[in-house]
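Taken straight from TrEMBL:
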| type | residues | note |
| --- | --- | --- |
| ACT_SITE | B:245 | active site, nucleophile |
| BINDING | B:143, B:153, B:173, B:175, B:236-247 | substrate binding site |
């Protein structure tokens, strides 16, 4: 075999036949998705297999005319269960994506990171998380400030109030293609730069938070015909960037990680806990709570938080 | 065509060819699952199609030897995307389940219920939810009491403390097949019958809740080799039955509805909020909070809660 030249590599069945498997990088068995690392003609490659899904509109047609073979494996009238093979397939079986040549950066990106639950007390927030947030240069959230200043994505904005203290902006999240209403996903960005996480919220922010909730409701009703009781509004902790933002998701968008308890905090719950909190400068319930969440073990906060927890447990035992 | 006799109906391709489609009962497009209502030889039938998933262990083999056709639809080196067709399939394309004849009860069971978010204040809990809970005969949770009394499922119990006030039991949830540790799912049932929901919890319950947490951790480590930081413990609101129970799920079990914010409340959060609550008889933060969650519109609580919310909104406007 001649030495492979990555720049010339064509993607075809003959090339895929040269695949030598190294390891599974990550997988989601329930949706039939797997990332494999290996080599194609001696060049590092990541191959992603994703099962195609039978379009619901074709289901009835498939039952009537599309089957080639049926193996009934359970019959307990009125219940029947069977395995079925399609006679022919107008839609593909798989979506196969290839990254070749794959660099270390690609491999790291698609490798499942080990994760673990951590608990963060109010004291740990002040001592570990606040300095961590301050360690980032302001340029890290420059992209947020550019949106808020109207320099970027201005044509996408659905609602905008420029008041520097209480204003906010509503825009479609990049994850949403704006076609299916049951996949509706918006983001609310506040104007103020003073709120890093939900721990910084106080009862003084209640008017802004209530206005966010009401404005999201009216924006979704007017722009998309989606009623307020079909929406879930939540805030992440830890957030992926330290500038307060609210996620707005249709209730039919179910079961994805970003809505899992611990990671997600309902805006309604946040408002209710602030209503039950003493006025500033007393710390709010959110500031005083121990917050528990899932964190990648390579996240910058993981080791410091685990060490702090262990030292608390040591003291309790002593 | 002769009149169909449901008791004689065989499940085969010829029978499925007679399918006349009435409507989609429910669907989960992301996993390729759809329930269709229709008729098979003039008999009411529910047909469930579920896409098979490519076993991860076969993925590498499929790439090397299993492909018949490849259509590359994007090439932007090093990135390639393609649709692929399998050459032959040792595993079936679909699992097809049929209920025939299908009764009204079957149809209702598989029909997607419309759902909506509701918000329940502390006042609404006392006035609407508590009487609703009391409206059920005690026999409704007799199955729980039978487990707690050792009359049922005794051989499955992993931990047991019979103290009537502070004791509890840990057992595998029926949803868990006990083979894959990343699908680990346990249930904790408390002995006391005095706690209907998390609103009834007070700081006096903290020793029991802390002991539940510690005992779940040690039980999972000893029995299954699963470390405590790989577990998510949560309580549902509304629960499916009104006797306090805690769900224990491995963090790799992702993205299912029962862990969604609003429905699920982390035991860690519950403990933290009770620690910040005044001692009884003062109501706890959990008792005073407005709780927001998804509810089926046919749930017995839905209409009363919506009407109560509307009357609050009327008053606020007035």
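Glycine too: its Cβ is placed from the backbone N, Cα and C atoms.
A TrEMBL annotation is a machine prediction, not a hand-curated record.
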Comparing local Cβ density (other Cβ atoms within 10 Å) for the binding-site residues B:143, B:242 points to B:242
One should report the C-alpha separation between residue B:143 (substrate binding site) and residue B:245 (active site, nucleophile), rounded to whole angstrom, as 13
Cβ proximity for residue B:238 (substrate binding site), under 8 A, sequence spacing 6+, ordered by residue number, returns B:129, B:197, B:293, B:295, B:299, B:301
Residue B:236 (substrate binding site) sits from the residue listed as 'active site, nucleophile' (Cα to Cα, rounded, in Å) at a distance of 8
In chain order, residues whose C-beta lies under 8 angstroms from the C-beta of residue B:246 (substrate binding site), counting only those at least six residues away in the same chain, are B:187, B:188, B:212, B:216, B:233, B:234, B:235, B:267
Its Cβ having more other Cβ atoms within 10 Å than any other among the recorded positions B:173, B:236, B:240, B:244, B:245, the winner is B:244
Simplified to three states, DSSP reports residue B:173 (substrate binding site) as coil
